Amino acid sequence: MAHSADVDFKTRLQSWLPKLVLSPSLAMVLVFVYGFIIFSVYLSFTDSRLLPSYGWVGWENYSKLWRLSHWKISLSNMGIFAALYISICTILGLGLAIFLDQKIRAEGVIRTVYLYPMALSFIVTGTAWKWFLDPGIGLENVLQTWGWESFEFDWIKNRDFAIYTVVLAAVWQTSGFVMAMFLAGLRGIDNEILKAAQMDGASNWNLYRRIIIPQLRPAFLSAFVILSHLAIKTFDLVIALTGGGPGRATELPATFMYSYTFSRNQMGIGAASATIMLMTVAAIMIPYLYAELREKK
Amino acid sequence: MSLATQDSAIRTGRVTRTLIYLVLLLFALFYMLPLYVMVVNSVKPLDEITGGGMMNLPQVFTLEPWAKAWSSAQIGVDPTGLKPYFWNSIKMVVPAVIVSTVLGALNGYVLTKWRFRGDTILFGLMLFACFIPFQIVLIPMARMLGLMGMAGTTWGLVLVHVVYGIGFTTLYFRNYYAVFPTELIRAAQIDGAGFFQIFWRILLPSSGPIAVVSIIWQFTNIWNDFLFGASFAGADSQPMTVALNNLVQSSTGVKEYNVHFAGAILAALPTLLVYIVAGRYFVRGLMAGSVKG
Amino acid sequence: MGFLDIDNTTKSYGAVEVLHQVHISIEEGEFLVLVGPSGCGKSTLLNMIAGLEEISSGEIRIKDQVMNGVHPSKRNIAMVFQSYALYPNMTVGQNITFGLEMHGIPKPEREKAMKEVAELLQIEQLLDRKPGALSGGQRQRVAMGRALVRDPDVFLFDEPLSNLDAKLRVDMRTEIKKLHQKLGTTIVYVTHDQIEAMTLSTRIAVMYGGYVQQLGTPQEIYDSPANIFVATFMGSPAMNVMPAKVALKDGRPFAVVELHDGTPAELPFSQDNLAAWDGRGIMLGIRPETITDEDAADRKSSNIAPMTNRITVTEPAGSDTFVTMTLGGKDVIARMRSDADVRPGADFKFSVNMEKAVAFDPETEMRIAP
Ligand SMILES: Nc1ncnc2c1ncn2[C@@H]1O[C@H](COP(=O)(O)OP(=O)(O)O)[C@@H](O)[C@H]1O
Ligand SMILES: [Mg+2]
């Protein structure tokens, strides 16, 4: 019997190359994402103020955080914002997708119009809506000039209503994208099922309610996951649209974190708020990603 | 997943159809409204706006606000206009897009065609990184950039955008290469092609569509980023978004709304152009990135 | 030592062993077909020969060189894939010469080799096209060209014809056979189609459940299947296998089978070794073409047994008519000439060529005779 052929150097290198190529990205992610997460979480248990400092204070930052009215306001704003933003985007996206799925002429143009806000920066969106909603020069002023003297629309300057202007601008920016997701879902449904249901005598309404919409479950799930993580990350839009005001009427956790960390030199508390944001996102994303990646196996 | 129209089984009456068109048109107006406001008000004198004419077409047409926004508006302390910041953005976006796309392509190649034990977990780790609220990394990132001597530089921003962009680019290429026939890779192996030869000669020539998607996605996200720019940029590396925000929020002097609008369009123009030129890929990319894991 | 030795080779994915102790050795110029139902491990074995899958234990040798751990490109093999795996971005010519290029063969030599192969396969006029612009049959030829141009020690084929339509498949089958006869190369060929296996091979390995059930020439496999699986997998329609009892009459073993109404029929065996099974149950295997009408019975056979049974269904198929009856409690098929006078519901006098009958142990399912 001949002796075993040598496993040469080149062959061995080839078997290591894939891992070698993946390693820079992996190292970056491990350090800059997971390492940093650990560092931030650690900071949230320290007495860091202007600069990181390593005096352990236990849960003090968290208990301070939960006593701050500023934080509570940003949380309740988040609640209102997320609930409205997610539900309006979903309903609007689904509705427009269904309408657009009726063999509409110029569908391509309409789709482009609905989707272009996605390409814009929130700073641009915020600027446009900020001045359009401004009572001094925007809609209110315009309608009054046109002769509707008693018209009032000052939500953006009104503590009780300003948060809804954030919802409006955010919905404007993202609902077209949600529409596209649902449209793709609708186009993926087997037409023969629909034909069969029609032969069974289902009306259009029942067709959608009983057959089509239930089949869009994956699209609903993806829309929810994406919208909720976008909601939690919302930052630029508030900065550009209202700056968190009037007062604290439109503060969100993201703006809270930013101002406590960088303007108020309360890094420990800022880190604690960031940790809570991360946990919220993780609670939504991890089960979703887990399910998605497991299916693919 | 595709958005191609298929022969729908649904039939609708004439009244319903009219209503549907009406609703669709109404929403088209809603989506166009801010763009209309920005465009018409960027070419009229300030007094037309303050006088209640925001919704009107300009009576006097002027490009003055554009010129001012571009080259002489007061941003921060200097009356430089947005021009230098526009170039800052370009200098940041181009390398960041290229590097993150190349890395994403290589990662996707390894994760689909050179699979090993635990690769799905690694991919999961990279993917989750796309969705974290970036507030959680702001503080350590600022420290790290300082330690590496990259604080306040364009290269620092490039690094940040590459790090937090490779999750998405990897996702795109991975999904794309996953359906690329593995038998081709095996054939090339038998033919004697090595790891990089297979990538370069076999995979890359077929990767055009997904590369376009990845580039558009990264370009849009990085160009539009505000958080990292505001947190890590120095005076001479601030990107366009930060400069625009400074312009609009500045509390000194008269508020020149027409200049603000012109500046906003300038900031939106690159991504808007990309979207209009390559919009179809953009939509497909969004789909691939969000619907599939 | 053979030309290609697969020596006690196993394959496991994690804790699951998908190939168990495979032992195959073939000589230079042989055409070995691995055949078996989908999922039985054929492709896995082929990929191990190619070096695309690691060998979990055992050895694979080509020309007495141990191949374990050797890179696919260094084994001097070539492979034709089920999907053809043509590089979509390259022309046919570039597809064919890519392997030579990777092995550092200079351009003039590559061109010359390409011309020769193109001529052999009659694809000269396709050389500048992209694979996307070719028909299935043309792609198939290009894939073979890419393999041929390397002039390898062993050709590996993984279900190369299963993506072609029925007519083309038969043509290409003949073509592959011609090529083999002309070039005399060693081939390992995977298929799930037993007809391909029978027509092409010099030897067949029938696989099932990760085991090689039988290794032999097509004739051995067909006439003396090692077990009931091989017997029923090879041949179309499949071999009839039914329960029977062995009885001795004047020292000669008979198979006693129940006819449609439960009455026993006695069919004499040609093999005496079944005497040991006197009074015990066996599984009796009879190929459809060995049950005929009296006139069509094989004249060379010394053991034709008459049997009258009721016909349940007749299926005329042009050249033949398939006749179904109940025998030993099973549906048994006979392959008759198309002019045989058969009608459903009628009793008919069949002739059974018992020389070709096979008996299996009902417990182990292994062949006990012949
Ligand atoms: N990468 C793998 N991991 C685990 N099991 C596998 C893998 N590849 C193949 N198998 C299993 O090995 C067995 C043999 O597969 P294969 O050789 O492709 O069958 P065939 O080609 O005969 O249809 C199958 O049961 C299959 O499920
Ligand atoms: Mg197979």
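Each residue, glycine too, has its Cβ placed from N, Cα and C.
Among the features that TrEMBL reports, domain 'ABC transmembrane type-1' is placed at A:75-290.
What TrEMBL lists as transmembrane segment is A:20-45 (among others).
TrEMBL lists A:78-100 (among others) with the feature transmembrane segment. Tertiary proximity for the transmembrane segment (A:78-100) is limited to same-chain residues at least six positions away from its ends with a CB under 8 Å from its CB atoms, namely 107, 110-111, 114, 163-164, 166-167, 170-171, 174-183, 185-186, 208, 213, 216, 220, 223-224, 227-228, 231-232, 234, 252-253.
With a threshold of 8 Å between CB atoms, the same-chain residues lying at least 6 positions outside the transmembrane segment (A:112-132) that come near it are 96, 138-139, 156, 165, 168-169, 172-177, 179-180, 235-242. Residues annotated as transmembrane segment in TrEMBL: A:112-132 (among others).
What TrEMBL lists as transmembrane segment is A:161-186 (among others). Here the transmembrane segment (A:161-186) has long-range neighbours at 77, 80-81, 84-85, 88-90, 92-94, 96-98, 100-101, 111, 114-118, 120, 122, 125-126, 129, 133, 155, 212, 215-216, 218-219, 222-223, 227, 230-231, 234, 237-238, 241-242, 245-246, 249-250, meaning same-chain residues at least 6 beyond its ends whose C-beta is under 8 angstroms from one of its own.
Sequence-remote contacts of a segment are chain residues at least 6 beyond its ends whose Cβ falls under 8 Å from one of its Cβ atoms, and for the transmembrane segment (A:219-241) they are 78, 81-82, 85-86, 89-90, 93, 121-127, 129-130, 156, 165-166, 169-170, 173-174, 178, 181-182, 184-185, 250-255, 258, 277, 280-281, 284-285, 288. What TrEMBL records for A:219-241 (among others) is transmembrane segment.
TrEMBL lists A:267-291 (among others) with the feature transmembrane segment.
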